Amino acid sequence: MTATPILRLRGIDKSFGAVQVLHDVSFDVHPGEVTALVGDNGAGKSTLVKCIGGIHPFDGGEYWFENEQVQVHSPRDAAAMGVEIVYQDLALCDNLDIVQNMFLGREKRRGLVLDDATMEEMAAQTLEGLSVRTVKSIRQQVSSLSGGQRQTVAIAKAVLWNSKVVILDEPTAALGVAQTAQVLELVRRLADNGLAVVLISHNMNDVFAVSDRIAALYLGRMAAQVSTSDVTHSQIVELITSGRSGDLGLAHSNGATA
Amino acid sequence: MTAAVAPEKPELPRGPGTSKKNGAAGTASMRSVARNYVDRVRGGELGALPAVLGLIVLCVFFAALRPVFLSELNFANLLTQGAGSIAIAMGLVFVLLLGEIDLSAGYASGVCAAVLAILLTDHGWPWYGAAGAAILTGTVIGLLLGVLVAKIGIPSFVVTLAAFLGFQGIVLMLLKEGTNISIRDQTILAVANNNLSPALGWVLLAVSVGAYAAIQLRQNRNRRRRGLATAPFTLLAVRIGGLAVLGAIAVHLLNQERSRNVIVDSLKGVPIVVPVIAVLLVAGTFLLQRTSFGLHIYAVGGNAEAARRAGINVAAIRISAFVICSSLAAVGGIIAASRGNSVDPNTGGSNVLLLAVGAAVIGGTSLFGGRGRVVDAVLGGMVVAVIQNGMGLMGYSSGVKYAVTGSVLLVAAGVDALSRRRAVQR
Ligand SMILES: Nc1ncnc2c1ncn2[C@@H]1O[C@H](COP(=O)(O)OP(=O)(O)O)[C@@H](O)[C@H]1O
Ligand SMILES: [Mg+2]
């Protein structure tokens, strides 16, 4: 496996008011690999991802990107480094069309004026590249799309930017069987193209099908980060539900190992 | 310049296309364009349809009952009557797009008109200095409102309700407890009282139609060359032709002599407020439809959290919408001052705000944010002006006019709420 992680978190803490959601979390993401991030509901997966994406500030800890320690204060900072996130609540504007959503905040312009033709071309190419053929027109409003189509738009938005790290928060949760397979295939393809991909999922079959590594969060602590080939389904399930599995996982009451 | 009566064609969101492969090719047929439009209307995106239909029905109705409604004089009156609140309504569109409201826009226009009158009449400033100061006053007002809403987080309803009362007081103080300041500056008076020469009216129309056609055709050619979906040529022809024909009818009518006594003074030509409103319409439409800033206004109104995650400075967008709103209110105040030949404590007061909000909503701008266009203010403003004017001709009292206009606003808001529900249910 690849030697150096592109994104490295160390000792991350995060609280919302009095509630501490993340405790001393370490997390590595490698280029060319799919890292699955698993954990029970409320374990803190989405919070971790939002912190990586600059939506929430970390309370403490280190954020390393390409061997440099960085400060990410806003979504723009994360995007500038090449970190793109497909949020669980997709964060699309219903009243805008597909192209407008894909380029939101980073519109192509000619002088003052929006360069619609270029944006439309790029959006069409990206969707083409993802083998997406289900949308009728890329100029249709997002409010008229189905759940799977919206997911596709959100993913296309993330890969449009030659990003280096793409993080997908439960991208298949609302999808049917065929669409899920498509999205997973897409996830694998992104990693094979050299991107670092993080996939959050509750489905163990999906996780084992596409991931190279698995990171398990348990009650806001990183229980273990392991190679997918070194573990079994049941070990991961144990890590998710109790934070331990044999010699893997958290030492008893507090503090992380592994 | 004839934008006030511009045809409302099925507007496709810039890239009309229904081709199979992600819309990335070919010219859509007229048929599919029409089908798309019908689909969208069914789906709750009514756009300007209710306002256009309402305008037609109202005009036919009043024309049948009071033939004088159709006279050239009345047509010109209608335009100058509506202009002030249309300018205010244009500004309100920006705020409404965010899902906010500005209840103080009427009195803000009053404050700015008072500033204008005092500088012009009491201090002898030149018209451009006084008008500039009035608009700057509007800008500062908008900045204040915007900061209170976007930075402090007070609901816009409360901020602008407080400002509504506050500005009313400021107008009274500026006008020394209710004196009336008359405007004698010829340039300011000309805005709402004078007309373009008939020839200039034609020239401006020709230039407008020519520019519109050039932009549309160039855009279409550019898209075709790049292999992107394009609107059918027929649709372009209908749009350009429609603008030309309706514009020509309007200019022709307005160029007729409408003075009762020609020897004393001749009265003909397009009122100067018409090109003024047209310039605001084009500028506002350009800003909203063709720039990143405009797109971000829609984005914040549609889903503020998504906008934030896209790296958009949501607070800055909110503040600038209020700045635009109050600045345009100032323009509305200048038009009102010109039309009234004076400024008094009622300028911008009584029903001005209600008519302006009514204009925007009747025109199709949603009260829930995210949907609306500057042209809505013009179309809705014409509906409101026709109701006021037509009922006046029929001899109804102000009381009845208010009640009817209020009901129309309520109906428009109801249509807005229902069409939104329909869009959500899909
Ligand atoms: N904005 C927020 N404010 C307060 N608490 C939050 C917020 N976001 C998440 N939480 C809490 O943090 C915990 C982790 O949530 P989340 O990261 O969404 O978990 P997961 O995605 O793993 O299911 C939950 O207990 C949740 O209630
Ligand atoms: Mg989650």
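For all residues, glycine too, the Cβ spot is worked out from N, Cα and C.
Here's what TrEMBL has on this protein:
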- B:1-27: region 'Disordered' (REGION)
- B:46-69: transmembrane segment (TRANSMEM)
- B:75-98: transmembrane segment (TRANSMEM)
- B:105-121: transmembrane segment (TRANSMEM)
- B:127-150: transmembrane segment (TRANSMEM)
- B:157-175: transmembrane segment (TRANSMEM)
- B:195-215: transmembrane segment (TRANSMEM)
- B:227-250: transmembrane segment (TRANSMEM)
- B:270-288: transmembrane segment (TRANSMEM)
- B:315-337: transmembrane segment (TRANSMEM)
- B:349-370: transmembrane segment (TRANSMEM)
- B:377-396: transmembrane segment (TRANSMEM)
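Of the ranges B:46-69, B:127-150, B:270-288, B:377-396, the one with the most Cβ pairs under 8 Å to the transmembrane segment (B:315-337) is B:127-150. Three or more CB pairs closer than 8 A are found between the transmembrane segment (B:46-69) and the transmembrane segment (B:377-396), so contact between the two stretches is assigned (pairs 6 or more residues apart). The recorded stretches the transmembrane segment (B:270-288) and the transmembrane segment (B:75-98) share 3+ CB pairs below 8 A when only pairs 6 or more apart in sequence are counted, and are therefore in contact. A Cβ distance under 8 Å defines the sequence-distant neighbours of the transmembrane segment (B:157-175), meaning residues of its chain 6+ beyond its ends; these are 101-108, 110-111, 114-115, 118, 141, 145, 148-149, 181, 343-345, 347-349, 353.
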